[in-house]
């Protein structure tokens, strides 16, 4: 590949996609600048020259956000980008998943794929540009890669599918689907949907694949024009003679160990066989490389036997049928001082979710490359080491935790009531207490129960299930409710969440090159059957959301004022609103349209704050009577507060029917007197009269007599 710049263009969903090579980052194995509309992403691929002594493929995919891409300077003291945002982590995972299966078995060279987002047009997805660029950077490089792949976003408005919808279109769409794959098959799906039937989700996936084929053909043209010749890289291979020797020693005992039904007992039985074989080779004083190979052969034997049993004999490690779900149980209200809690157990997978309700001021503020500035619904997922019976450091959430939390959030968001109907911020935290596969889906089930226990009026309960696949040649078996071993040794992890009516979230990862429409269809239908079974079990525990919120949850009172009066409530430099908060102990959130949300665990505090605000924004009406309090006395009259924050002057001549020599002869500070508004002058000053009230009372008495 020469040093000169090459430019290639294609139309992508009504916007121009431009690829530039040969100018930037020329020392990387492969580099491309992707311009999609005004979005610009630099994608690079680099590989180590020598393989690493590892038993896995060391691939790293990074999606790097730069705030200059949207004309922002980072906040804080340091003024530079810090740790990746949640969106960047999710985008990195999104790109990694379709690329990873397309490297040869035994490839051990370290590969790093980096996409730097340099300019963002909100209507031209930087994630899709980065996925395209990552595939192309690998394809034009000398790194052995069995791609290319491409990905698209699919939306649906008025029953019509749309490729790469704009921000406005996505708001109207009932599907937000990212699908990726090769020209032959789909190998990654990530979707959120508003209770959309399985058949429509499948059609959306296949619709996206047609566009993917076109993008891959475009990549192949570029590779033919500027691609480097692929390097000859030595793949890790097992010694065949050693393989046969280990197989003869271990195969029979491993077959028995694999079929032990209980997880820990099975792991112990498998490890016992492995340790005995390794010890035999160590006694024969083989070198370290040979011992390492023996361990890898043993792991491969376990994998092959598990897969053979499932595909040929339809026998799963724990003895279940292929479409059988593990025993289910659930419970609510475990934690008395929280706003809502739900425990969901499926076999040896267990999640405890806690729901916390907050004021609208508790929303999460987002400062990234997107248009969204805040969100009022959050789902966080924690996976401590004790859940698998192990020790380990307690760190912040990693990519996996962030990804699983986001999947749960996507699954539950369509059933969260609107801000108008339920003016609360909702935070869910899922604590995984036991893990044997499908913890993300258990957290969705537990979170649904926690919200129902908290009294959140969700539109419908949501359940999730993980489907698996074992494929051997043309033969395949779809598994319902996969456990940890089936996830690790199988070909697919297909998570489906939804309500009785339809799908709310999909996530599919595979370890083979792709899946056909037939397999996807079977997996979706089998998942629906399993989801209904789980929903019925959950509803037996709690059939609907509680009618009352927890007494520990904040009570929110909503009122509306004239938007022009917002400044009166806030006061100069926030002085007035802070005074109300201090006096009443409430939280106050004000919308631009004049809607005010007052929240507190004490209802009397809410009412007190409401009364103060009503007084602040009340309009003084000429001719109206008010019971006011004397606040200040001057020689010329008394200043009377007719309601909070509003004073008027009763001139000395308007204090009584008779002539008054001294104001103090009639009123003193603190007296409550009934006054009438006689005038509001051009400067907004209010003139009051006590005389007018007394005159009216006298006339009324005379009429009655």
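In case you wondered, yes, glycine gets a Cβ from its N, Cα and C as well.
Residue 487 (Mg(2+) binding site) falls within a helix when secondary structure is assigned with DSSP. Per Swiss-Prot, the feature Mg(2+) binding site maps to 487, 493; the stated evidence is sequence analysis.
Swiss-Prot lists 554-613 with the feature domain 'KH'.
Look at Swiss-Prot and you will find 623-691 tagged as domain 'S1 motif', backed by sequence analysis. The average pLDDT the prediction assigns to the domain 'S1 motif' (623-691) is 92.
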Field: Candidate with the highest Cβ count within 10 Å, taken from the binding-site residues 487, 493
entry: 493
Task: For the domain 'S1 motif' (623-691), give the DSSP counts of helix residues, strand residues and coil residues.
output: 7 helix, 36 strand, 26 coil
